[in-house]
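Taken from Swiss-Prot, the feature divalent metal cation 1 binding site covers 44, 72, 73, 138. Annotation source Swiss-Prot lists divalent metal cation 2 binding site at 76, 81, 82. The domain 'HD' annotation in Swiss-Prot covers 41-143 and is backed by sequence analysis. Residues or ranges marked as N-acetylalanine by Swiss-Prot on the basis of similarity to another entry: 2. Residues or ranges marked as phosphoserine in Swiss-Prot: 5, 199.
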């Protein structure tokens, strides 16, 4: 029994080190756009989990939403953050990430292995209301981050293509409201910038 426990401890340590690499995997979209000090995949998933935690939608299983947010990009600790600009077919991206998730979860006891893999699969297949909500959080968090980079660089509108890529993808009322508020703020910033002399 002590041996099994020691083995699972070693597996857990390897698992934690592996997912810890997400802190050092930059989000590729920002790298390609030459954003200074781009966020990590881990940064992105953390705020998504917080966004899930503060939802007021009682129809959703909030705990499950948080778990989905924390697992959805976990494979990127092995495969990296594959962006649309990488021109890797969706099926190939899925295959790589599926292999990575199998590799990652093999380090865990069977019950946890099953739970994490099934959460990842649920998100990938969008097979629940929670998965669909978290997918919208993923897109919403991205444009929120884009607006913050525009503010930090004092270049309103520079990352417009990230907004364009999410057009028509939001349907959950809370997220629609949040995005509307974000767009109002951003439009005001862009209007101010264009009104400044020399702009």
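The backbone N, Cα and C atoms fix where each Cβ goes, and this holds for glycine too.
Because the structure is a prediction, the values reported are computed rather than measured.
Mapped onto DSSP helix, strand and coil, the domain 'HD' (41-143) counts 77 helix, 0 strand, 26 coil. Non-local contacts of residue 76 (divalent metal cation 2 binding site) by the CB criterion (under 8 A, 6+ apart in sequence, same chain) comprise 22, 25, 41, 82, 97, 100. For residue 73 (divalent metal cation 1 binding site), the number of other Cβ atoms no farther than 10 Å from its own Cβ, over all displayed protein chains, is 22.
Other residues of the same chain near the divalent metal cation 1 site, with their Cβ within 8 Å of the Cβ centroid of 44, 72, 73, 138, are 41, 45, 48, 69, 141. Cβ neighbours of residue 44 (divalent metal cation 1 binding site) (same chain, under 8 Å, six or more residues apart in sequence): 27, 73, 141, 142, 145. Under 8 Å, Cβ to Cβ, and six or more positions away along its own chain, residue 72 (divalent metal cation 1 binding site) finds 45, 48, 120, 123, 134, 138. In sequence order, 25, 28, 41, 73, 75, 79, 80, 83 are the same-chain residues whose CB sits within 8 A of the CB centroid of 76, 81, 82, the residues recorded for divalent metal cation 2 being left out.
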